[in-house]
Amino acid sequence: MRKKYLSLLPGLLVLLLFPMGPTAQNSKACALQCPPNSSCVNGTTCRCTPGFISVSGEIFTDPLESCYDINECGPPSPVYCGISADCQNLEGGYYCTCSPGYEPVSGATIFRNESENTCRDVDECSSGQHQCHNSTVCVNTVGSYRCHCRQGWEPKPGLWYKQMNTICKEISFPTWTAPSGIKSQALSHFLNRIQDLGRNFSSASVLNTVGDLVQETGDLLETPGDLKTLPFSEQHFVVPNLLFGLENVLRGVSKALPKGSFTFNSSAGIELSLEVQAPSYRNITLIQKQTKMMLTWDAVRDSGDSGLAVVGLLSTPGMDRFLAEAPLVLDAEELTTLHETHRGLLQETSHILLSDVISAFITNKDTENLRSPVTFVFQHSVTPGPREKVHCVYWEHGQNGSGHWDTRGCWVTRTRDNSTTCQCSHLSIFAVLMAHYSVQEEDSALTVITYMGLSLSLLCLLLAALTFLLCKAIQNTSTSLHLQLSLCLFLAHLLFLTAIDRTESKVLCAIIAGALHYLYLASFTWMLLVGLHLFLSARNLTVVNYSGINRFMKKAMFPVGYGVPAVIVAISAASRPHLYGTSTSCWLHSEKGFKWGFLGPVCAIFSVNLAFFLMTLWILKRKLCSLNSEVSTLQNTRMLTFKATAQLFILGCTWFLGILQVGLAARVMAYLFTIINSLQGVFIFLVYCLLSQQVREQYRKWLKRIRKSKAESEKYTLSSRTMSEGCKHSEET
């Protein structure tokens, strides 16, 4: 039995090996287990499936490695599917499809390479595939579409223009707020008319509305009514606000205009030029009768707005009557250059407007720093002279609501006899302004005369003050008046000599100017009191007792002599403190007539003193006719006549010469004013001291005392020396 089974084993082995022969052989050869997405090559090697790759490459031996998908659509060698098509990666492969907004002409939605690409643009607008709001118009673009606002409409706040989700609303009339605190019937009537235009505004009537705005503005400037009677500070506040308000309204309603160029004119000569275009990279030029403006669309376009852009130029010929007298503030660098050129001899300036006042505006409200400067060409009929300089200016709002002309950010590129070209890095209200610089020629002779004359006057005023103070024989009300006059003039001349040119510190210079203002006004006030006292004395010559006059003068002279100038200076300093001190001297600025805070009282005092002089002469003439041969009374009367004449000359005419320094005789008047005015102290000392008999007698007494004292001193010295020599002689003996 055992032998029987053993004889079957070879056959069983043959049966087992026959069907499994090749498989058993491969299993032995691929004993290595390969990862997913790969196949076995032999017992030690695996190969990644097409579309996959391992770290070691397509074939690898490390059983721990993996095969990763190859991104045929990405770097380093992406598959190119052709124009308007996108590559889409798959695990182990890829395919191409048309980009969004395109469709295949062949109808096949996927393809493998560029040669199979049949993609073309889809017109979403005509096919109805767009999602634009009913307030917009669909405009097809290559591969997409945009939703445009209709003409006369604009995107709602917070939404972008020409986007797929744009929602528009009809353009509304901008709000025009009236300037606060201004009472003017003409302005109220104008704003009521503007409100009527706003209530009746529609995008279809935008051309008529813009024309009416220009006409209403022209009518207001042509017949300003009570606007012209407003104070300058209020005019400088209202009128620029009027232009800025008009600019804001025009910027808003002009968006309802179609593409193109528009010009509007009023009967008063106002001219408005508008350019409405889609953004581009070309230059824009707006030309008017007297003005031309050039800029690029790059400066116009708002970064968040790709719709129609508006450029406007508004010329207002009647605006200069309100803004011509507004102050001018020069750029610090330009001011420094002017002073360096004239070496400190530059005096205050006056200016006039050469051109029309214009307002330039664009769609973009942020015009503080434009990408590229705007160029203006202004025509003017006045040719600048040698001491006149042309400035390109713009209107700058002040902190107090008013404003001024400024030059920062604007510069002159070229000026001719009848035109000036300006460039500005911002937009605002512009004009060309010509400033006249009064350059004082340096005259060494006048300087020497001034210093020598004032030095001599200081000495004489000091001697006169000591005389009035120490000479008891002449001490009375008149002497007291002359003493105060001498002290005020002495302090004023001393401060003038030592500090008139201390302009390094503005505060210190303003204080010096205020002190000089007060001291010279006080001097004139004491001159007035001296003239009054002479008149009263002449009128009461027949009265033996002058106690009534003396009591009145003693009570009134100090409050009037020092109080009135203090009130005038206080009012001036409170109203315009910045006008104390100029760039070249510590004196009053001539701007806005500020010097009349000094010249006004001076002229008034001169007129009153002249009246006192004439009345005194009339009284003295009558007195001389009725006098008997009383020598003392006759001498007193003649002395009063002489003093009255000298009073008018010394205390009035000398300063009046300063006002006459104009025209061809200015140089002669300057010399006369300098010589006579610097010698005021000498005249006072001569008239009231040296020509007074009582003072001369007192001087003789003082001289006798000095000589007697000197003689006694010499006698005492000689006696002491004799006694000393006698003692020595006796000792030797």
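Heads up, the Cβ atoms here are built off N, Cα and C, so glycines get one too.
Sequence-distant contacts of the domain 'EGF-like' (69-108), counting only residues of its own chain at least 6 positions beyond either end whose CB sits under 8 Å from a CB of the stretch, comprise 37, 49-53, 114, 116-122, 124, 142-145. The domain 'EGF-like' feature in TrEMBL is assigned to 69-108 (among others).
For the domain 'EGF-like' (121-159), the model's pLDDT averages out at 84. The annotation domain 'EGF-like' is assigned in TrEMBL to 121-159 (among others).
What TrEMBL records for 262-440 is domain 'GAIN-B'.
As annotated by TrEMBL, domain 'G-protein coupled receptors family 2 profile 2' applies to 446-692.
Taken from TrEMBL, the feature region 'Disordered' applies to 713-733.
Among the features that TrEMBL reports, signal peptide is placed at 1-24.
Beyond the transmembrane segment (448-471), the same-chain residues lying 6 or more positions past its ends with a Cβ under 8 Å from any Cβ of the stretch are 479-480, 482-483, 486-487, 489-490, 493-494, 496-497, 671, 674-675, 677-682, 684-686, 688-689, 694-695, 698. Feature annotation from TrEMBL assigns transmembrane segment to 448-471 (among others).
Taken from TrEMBL, the feature transmembrane segment applies to 483-500 (among others). Tertiary neighbourhood of the transmembrane segment (483-500): same-chain residues 451, 454-455, 457-458, 461-462, 464-465, 468-469, 512, 515-516, 519-520, 522-523, 526-527, 530, 557-558, 561, 585-587, 680-681, 684, selected by CB-CB distance under 8 Å and a gap of 6+ residues from either end.
As annotated by TrEMBL, transmembrane segment applies to 512-536 (among others). Beyond the transmembrane segment (512-536), the same-chain residues lying 6 or more positions past its ends with a Cβ under 8 Å from any Cβ of the stretch are 477-478, 481-482, 484-485, 488-489, 491-492, 495-496, 499-500, 502, 549, 553, 556-557, 560-562, 564-566, 568-569, 572-573, 580-581, 586-588, 597-598, 601-602, 605, 608-609, 612-613, 615-616, 619, 640, 643-644, 647-648, 651-652, 655.
Feature annotation from TrEMBL assigns transmembrane segment to 556-576 (among others). Tertiary neighbourhood of the transmembrane segment (556-576): same-chain residues 477, 480-481, 484, 514, 517-518, 521-522, 524-526, 529, 592, 594, 597, 601, selected by CB-CB distance under 8 Å and a gap of 6+ residues from either end.
TrEMBL lists 596-620 (among others) with the feature transmembrane segment.
Look at TrEMBL and you will find 640-662 (among others) tagged as transmembrane segment.
Marked as transmembrane segment by TrEMBL: 668-691 (among others).
The list of residues near the domain 'EGF-like' (121-159) in space but at least 6 beyond its ends in sequence, with Cβ under 8 angstroms from a Cβ of it, reads 84, 99-103, 165-171, 202-204, 206, 255-256, 258, 307.
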